[in-house]
Amino acid sequence: CAGEENWVDSRTIYVGHREPPPGAEAYIPQRFPDNRIVSSKYTFWNFVPKNLFEQFRRIANFYFLIIFLVQLIIDTPTSPVTSGLPLLFVITVTAIKQGYEDWLRHKADNAINQYPVHFIQHGKLVRKQSRKLRVGDIVMVKEDETFPCDLIFLSSSRGDGTCFVTTTSLDGESSHKTYYAVQDTKAFHNEQEIDALHATIECEQPQPDLYKFVGRINVYHDRNEPIARPLGSENLLLRGATLKNTERIFGVAIYTGMETKMALNYQAKSQKRSAVEKSMNVFLIVYLCILISKALINTVLKYVWQSEPFRDEPWYNQKTEPERKRNLFLRAFTDFLAFMVLFNYIIPVSMYVTVEMQKFLGSYFLTWDEEMFDEDTGLGPLVNTSDLNEELGQIEYVFTDKTGTLTENNMEFIECCIEGHVYVPHVICNGQILHDCTGIDMIDSSPGGSGKEREELFFRALCLCHTVQVKDDDSVDGVRKSQLSRRSCIYISSSPDEVALVEGIQRLGYTYLRLKDNFMEILNRENNIEKFELLEVLSFDSVRRRMSVIVKSSTGDIFLFCKGADSSIFPRVKEGKIEQVRSRVERNAVEGLRTLCVAYKKLTAEEYSNVQKLLQNAKLALQDRDKKLAEVYEKIERDLILLGATAVEDRLQEKAADTIEALQKAGIKVWVLTGDKMETAAATCYACKLFRRNTQILELTTKKIEEQSLHDVLFDLSKTVLRHNGSLTRDTFSGLCYLYKTDDRQQLSLHFKPHWSNQEHLYIQLNKSYFSVICTTFNLSSIVLASMIKHVCILVIELYILFIHFILKPLCYIMGIIGKEGRQAARNSDYAIPKFKHLKKMLLVHGHFYYVRISELVQYFFYK
């Protein structure tokens, strides 16, 4: 039924531009754009008029242009050069700067558009420029090359039909992600086989979401009915991503040029104005009113004085006959303009020239600061917007991500808990760590009988429930090699948590070996290889906060293994030592560790057959596929048996605590945004000195909102703030702090949205009282930030979070972190620093200096 579903606003693509076979639907020609990328703002023909238009939209430039034109038109007491020359200098320098920047963009576009690409034509590989690619072309991409357009993954040089990709230039993540070829085409390994493929692709029209794609491929065999296969984001290779650790892949182009997801996510930088520049505009308007008043008064006084005949034409300044016949109002208007030019000096054009030079040179001094260079990477700060230097000294709020910004994003396995028994991956003896030991139970002796069976199931679950890939090569990019005595393996995954878990379990005796021909192989404690057929993968997503796999053992038993957040697993568990595991999870969370719970259930052949049908129907759906898959996952992942929990650690970055402490001393309010469990987030905030021992924590949770109305909850919190307001001082840093917590990430946002407009004022006033805030509900944070950033604030991110970027960028200043997760945040930010610790000097030294310097210049010119 899903295969016959009509899809509105879709496109049909013929692979290799082949016509459909007899009996297929009639071919409807569709026009698609070529593969050219255009990121430049100007062309050779429109640069002068467009640039002048943009520059004269500034009040100061427009004012001096009017004065210059007046001096040219009428007889004035001052030369037009006095206004025209400074204006010409400012306009020319700005035009040269913007023209050079746009020339660099043209140069980069040409390099991309002329990049050679291999594609298949008549069974042979042909090279042509990237800009000549068309939708439907079959492309070959080699290792370490970037994908020239958005491709459907057809086949790979790897036998299992997978490939590894890094999406650093898209979402900032440098970790390796695994993509999967279409089931019916992954066996095609050469040009002739690929060229013989007869298939059509139906997919949605281009849209910018990097993580969403819905489509299906119809593969024709002879004259038989086509075989329909679902296509999802795991089959879509995005333009700008890079192929890693895979010799080559074949793919068919479905989105090209400005229709690719990368191009659709490109947003030209919005023009931001600093508070000082806005104040200069206000001063300009005030002084312009004064100037008009002076000119008007002097014009009136002139004609009052000249009302006497002997004063109107003194003997030394006789009028000509045409002057006597001129219209009175025209003469008055000309005299008014002459007085405007005469008193023009009260609005100093030199101030704008001086301020522009200060900003331009200041950006270079900032990038030359040796103390802001990172020794490990050799990178220094970047300035992408020199117009905002002085604003760095007026920051009121800092919104910062936690993972990868405050922390290193380098996970280490600490322990696991199996039915109340705790295991660590090493033994400490006489102060030395014995890495070769297979683990130790820290509570009591290891379980026996059924407990032993559960222990083995737990280890197998962690070896099987993941998307980790194995590469037996020391030179793999970006991933550290496990130093193991049993087997040396390099694990690759898009999630560092998964790599840490697989490596930790390896030190406890179970080693994940590889995925080959859809069979997962693990090495148990007895050095026996166990094989499990991978039947289904229920992928992780941020709403479910869990993932599952369905595997079949060599004995024919079918298991569903599930791992995820405790709030996602516990409600779906029907048996197991829940309280013991919950207690350990809460203890680890309080210590700042990241926790996951593991559960399983056994399926009969009949149950799996039903599950397979449900999943297949949902995957083939073209409309609301995500919703249908979520409903199926909800039906499958229930009545689980709890096995245990894990704990991994993500250490704080160097001097992160000192930086936050310095920011708080300067009166800057710090918000931390995270998706962690509330206890984990709170422990991290104590470690980085966002919270203190004397900090009073106020919680706004889903449970409270369910028990009371939103207004009542906010009102109670406001009363608490007012009661303690008198005792709060700057020295205590954060007398009050805020924690958001929700068992369901979507739920708290849903509670807020219907009532937000009524409670927004009360909420903002409440948050102004806090020196430090942690928000563990990311959906809610976008609402909160959109209201709070009406004040001067800065958002510090490492990962390029698109929806946050689009909501906030026009309203606040983006500080990127040039971290190991890529450079996208740095490229799309106003300023970029190597590590979070450099934020201290950026704001408190450079920002303060530029603000004082430029403010003094403005005061000097306007007041003195």
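Heads up, the Cβ atoms here are built off N, Cα and C, so glycines get one too.
What TrEMBL says about this one:
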type     : residues                                                   : note
ACT_SITE : D401                                                       : active site, 4-aspartylphosphate intermediate
BINDING  : D401, K402, T403, E498, F540, K563, R594, T674, G675, D676 : ATP binding site
DOMAIN   : 826-864                                                    : domain 'P-type ATPase C-terminal'
TRANSMEM : 59-74                                                      : transmembrane segment
TRANSMEM : 282-305                                                    : transmembrane segment
TRANSMEM : 336-355                                                    : transmembrane segment
TRANSMEM : 795-818                                                    : transmembrane segment
Within the predicted model, mean pLDDT of the domain 'P-type ATPase C-terminal' (826-864): 78
Using DSSP, break the domain 'P-type ATPase C-terminal' (826-864) down into helix, strand and coil residues and give each count. 30 helix, 3 strand, 6 coil
The rounded CA-CA distance in Å from D401 (active site, 4-aspartylphosphate intermediate) to F540 (ATP binding site) is 21
Long-range Cβ list for F540 (ATP binding site), cut-off under 8 Å, min separation 6+ in sequence, same chain only, gives R546, M547, G564
Around the Cβ of R594 (ATP binding site), how many other Cβ atoms lie within 10 Å? Please give the count over every shown protein chain. 22
At a 10 Å cut-off from the C-beta of T403 (ATP binding site), count the other C-beta atoms across all protein chains. 20
When you measure from the Cβ of G675 (ATP binding site), how many other Cβ atoms are you left with inside 10 Å? 18
